[in-house]
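The structure under discussion appears below in the form of structure tokens.
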Amino acid sequence: MANILKKIYDNDRRELKKFEKLATKVESLGDEYEKLSDEQLQAKTPEFRKRLKNGETLDDILPEAFATAREGAKRVLGLYPFRVQIIGGIALHYGNIAEMMTGEGKTLTATLPVYLNALTGKGVHVVTVNEYLSSRDESEMGQLYKWLGLSVGLNLNSMSADEKRDAYNCDVTYSTNSELGFDYLRDNMVVYKDQMVQRPLNYAIIDEVDSILIDEARTPLIISGQAEQANSEYIRADRFVKTLVEDKSDDDVDDDEDHGDYKIDWPTKTINLTNQGIKKACEHFGLKNLYDIDNQVLVHHIDQALRANYIMLKDIDYVVQNGEVMIVDSFTGRVMEGRRYSDGLHQAIEAKEGVKIQEESKTQATITYQNFFRMYKKLAGMTGTAKTEEEEFREIYNMEVITIPTNRPIARKDLPDILYPTLDSKFEAVVKEIKERHAKGQPVLVGTVAIESSERLSQMLNQAGIPHAVLNAKNHAKEAEIIMNAGQRGAVTIATNMAGRGTDIKLGPGVKELGGLAVIGTERHESRRIDNQLRGRSGRQGDPGVTRFYLSLEDDLMKRFGGDRVKLFLDRISDNDDDKVIESRMITKQVESAQKRVEGNNYDTRKQTLQYDDVMRTQREIIYGERMQVISEDKSLKPVLMPMIKRTIDHQIDMYTQGDKKDWRNDQIRDFISSAITDEETTKKLNMKHLSAEELKKRLYQIAEDNYAEKEKQLADPEQMLEFEKVVILRVVDERWTDHIDAMDQLRQSISLRGYGQLNPLVEYQESGYRMFEEMISNIEFDATRLFMKAQIRQNISR
């Protein structure tokens, strides 16, 4: 362990040395650039762009570009980045995390790598945790970029698609993390390419990177829509299906006649309408062609009603309890609480059983921040606290944490923790300390872990007659204002879990002489990082300050991980002695080792989440890639559709022609051909009994080719044909992908229940997920084949 730590430390030093050399180069250009006129300095931007076009790299022009942005900042913002800020900027350019203490000017530091990377014209995203900070930074720092000839955009939740597109087309775009993620998902749901708003993800600098990539890492972004099927549709389909008769005739009976309306193939648990059944459906619903493109939703309902009524067996596959359909686990025979079949099958069973059909919202697209931000070509981040999570940043995001030295030595005093036996005695002591410091005018910031603690403390301060402000993360703009005033003489501010990150606490007049800002933590958070954030609010830029944590044996963390040694202290304190107090570095160490254990557990959970998510990520990339190919195509999708049709023919014919010819499942073959490839008349003329499986496939390929040619003739305009092809593929892909997301979610929930025996749940999930994905692709190809081959051509199709 010691060796690993030494290696990390040495690597940190080595990187820092390299960055310091570069910073010296940047500083050495300072005098020369100071002498340039505004016009000459502004002319640097087109000059750099030209040099990049001619083959120079960003690394080649870094010293000059940084010197340009630095001099520009002095002229436009009245701020001149210090040497440590240049080093921080270099760390960011190389895709690292710059750990910079609060008040060291992270926002200004970012301007240097943002300017350099924006010169490529491929876009730089500056990512913040809320829209207030995005707007603030865009209006303040944006002045500098605009002055240097770059375009700057702000991406807000309230904007229209056109406004968003304009923002993303800028050289520099300010946005929140959630808006970036949702825009990415929405872009992969559009049906026309010009509806997309984002460009390829190039370079992002994330402010408060630990908050976004670690605290919110497991939060999935989800776009969901009400499942569009109305309940009445399930009932309509159910009523129709209940009138049908099963065709139980043997496949050996070769009379080309249907002996019922539907046929079940029990080995594969598939069920299909026969030609007789298709005719009945057309009569029942008043249709000319059941498989026309407009009837896709109805066909889906009929398919599910058939499965619900004739394949899914009551008291074997499911039970009905208290008016609800409950799934039975085929492995254990137990009822699975809260689980539902996906793809509308559950509603179809509810219709069959005459119970209330439950509305369902459907996840249409989803991604986690972990997977979204890993798609950027280059990623960097800034925060005051990342070192404790260094391993996670390296392993998951391939980013090193570089601790940037402070501009001035730290003068803050971090006092040892104080431990009280009870919550009451602890809060009384906190109020006493606030009172003493407030009496002499020293500003106090009190950090609490939970809102209820802040309310309790606020009540006690009211009783003590101490005016104070309470902060919780509801109103970001108001929050910033309160935090800005927290360093004024006599200010007392209570903040929950570091609301107000990203806003500096500057000391008011005469506060330095009083000892700077006093920070009091009312309990330790389970993450050291959050505690360090609270501490870091005091002592900015070499200011004086003091911090201390007050703990009690009734605190959550102490109860969970207090350790035996702390309990010994408790025994020494008699029951009635509430005033007994322990102040010791040992307590601090004990708490920190408890925090390390929690952090380790949390990291393992996030890592596991990512391993599961990676299965979905691979699948999402394939589907989104295919979708993009479809909406970007400007000539013909025949090279995509025709192979789909051929693979469907191969798959279906292979499935039903195994073994000797006498074992062929002729009824199923006929049903497939007449429902998905051609009409009943042509199916009869095929004379299958004289064909081998390969000959039959070739005949069907030819029918498909002829059908394609016929449709191309009907739609003489190639653009209309392309539009028709796109409609077919997009409708099918989107419907099947949405169902697949749902099914994968169900699988993930059930997989933990399967973790019996020696099975590894993750391996089970990967293998089942892969099989389900293959099945989905096969279903997409089947649906696209049926939809394309059976559709009637009309002029006014819409996607």
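Each residue, glycine too, has its Cβ placed from N, Cα and C.
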**Residue from Gln85, Gln488 that Swiss-Prot also lists as binding ATP with Gly103, Glu104, Gly105, Lys106, Thr107, Asp504** = Gln85
**Asked** Taking each of the binding-site residues Glu104, Asp504 in turn and counting other Cβ atoms within 10 Å of its Cβ, which one has the fewest?
**Response** Asp504
**Message:** Need one number for the ATP-binding residues Gln85, Gly103, Glu104, Gly105, Lys106, Thr107, Asp504: the maximum pairwise CA distance in Å, whole number please.
**Reply:** 16
**Asked** Of all the binding-site residues given, Gln85, Thr107, which has the fewest Cβ neighbours within 10 Å once its own Cβ is left out?
**Response** Thr107
**Request:** Enumerate the residues of the same chain, Gln85, Gly103, Glu104, Gly105, Lys106, Thr107, Asp504 excluded, that satisfy the criterion Cβ within 8 A of the mean position of the Cβ atoms of the recorded ATP site; list them in sequence order.
**Result:** Met100, Thr102, Leu108, Thr109
**Item:** Three-state secondary structure, Thr107 (ATP binding site) (per DSSP)
**Value:** helix
**Asked** If you draw a 10 Å sphere around the Cβ of Gly105 (ATP binding site), how many other Cβ atoms fall inside it, taking every protein chain shown into account?
**Response** 20
**Complete:** Most Cβ neighbours within 10 Å, among the binding-site residues Gly103, Lys106, goes to Lys106
